[in-house]
Amino acid sequence: MSPSLESKHENGSLHEHDGRPPLERQLTLSMPAFPQYHRKFGNPAPLGVLSFAGPTFVLSMFNVQVRDVAVSNVVVGMALMVGGLTQLLSGMWEFACGNTFGGTVFSLFSGFWLSFGLIYIPSSGILGAYTDNPADAAQLHNALGVYLTSWFILIFIMIFATFRSSIVLAGLIILVDLVILVLAVAQFTQNPQVTLAGGYLGLLAAFGAFYVGAATLYTKDVSLFTLPTGELPKEKV
């Protein structure tokens, strides 16, 4: 999800292919008890992906009515602070690192969680605009369906930018888009079984995001092992 570093050795020094300073000038190599880290920018991708995974897991658990919980408003706090704020910070850091795709994905998903949370805050008046008047109550599900459909389109656009990243990332974005589509259909049809299906698909997406987040975090610099991601070709062959 974040741009990979390509380097080569010249006269015992590690240089970047893309004209950046030597790698030893970007890394702190002599911090006792601490892993190596970039002095200027770390990799915001693990934070961004895991910030998506957490609220997705919680919301999906509510959608499958685990422990008979049918009201999902508890997720609002996590949606705003983790899915919204933390992912927004990750997106801005990705842009600063030069990763347009990562910045776009994290920033858009931040917008999703912030807007989703805002809908369910009573003081926003969004739900109240439909529920205060019984004649307008039936419009709420259709309005939420249109809202989710717009996100289905936005995420669909992202899919084609993942085909030179990794199999797990491409699969995750496709699965998330499918989840949004199923939840949109559930709102339009008001069918609880479709909502249940969307919840189970959402759990798959959440665990997929947990895996991708762990895979980007567990690098050789900080972990005793790494996770396979199925890297896709970066250039035309």
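Residue 1 is the first one shown; counting continues down the chain.
The backbone N, Cα and C atoms fix where each Cβ goes, and this holds for glycine too.
Database features (TrEMBL):
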- 1-21: region 'Disordered' (REGION)
- 45-64: transmembrane segment (TRANSMEM)
- 70-89: transmembrane segment (TRANSMEM)
- 101-121: transmembrane segment (TRANSMEM)
- 141-160: transmembrane segment (TRANSMEM)
- 167-188: transmembrane segment (TRANSMEM)
- 200-218: transmembrane segment (TRANSMEM)
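Each of 45-64, 70-89, 101-121, 141-160, 200-218 was scored by its Cβ pairs under 8 Å to the transmembrane segment (167-188), and the highest score goes to 141-160. Sequence-distant contacts of the transmembrane segment (141-160) (same chain, at least 6 residues past either end, Cβ-Cβ under 8 Å): 104-105, 108, 112, 115, 119, 130, 170, 173-174, 176-177, 180-181, 183-185, 187-188, 190.
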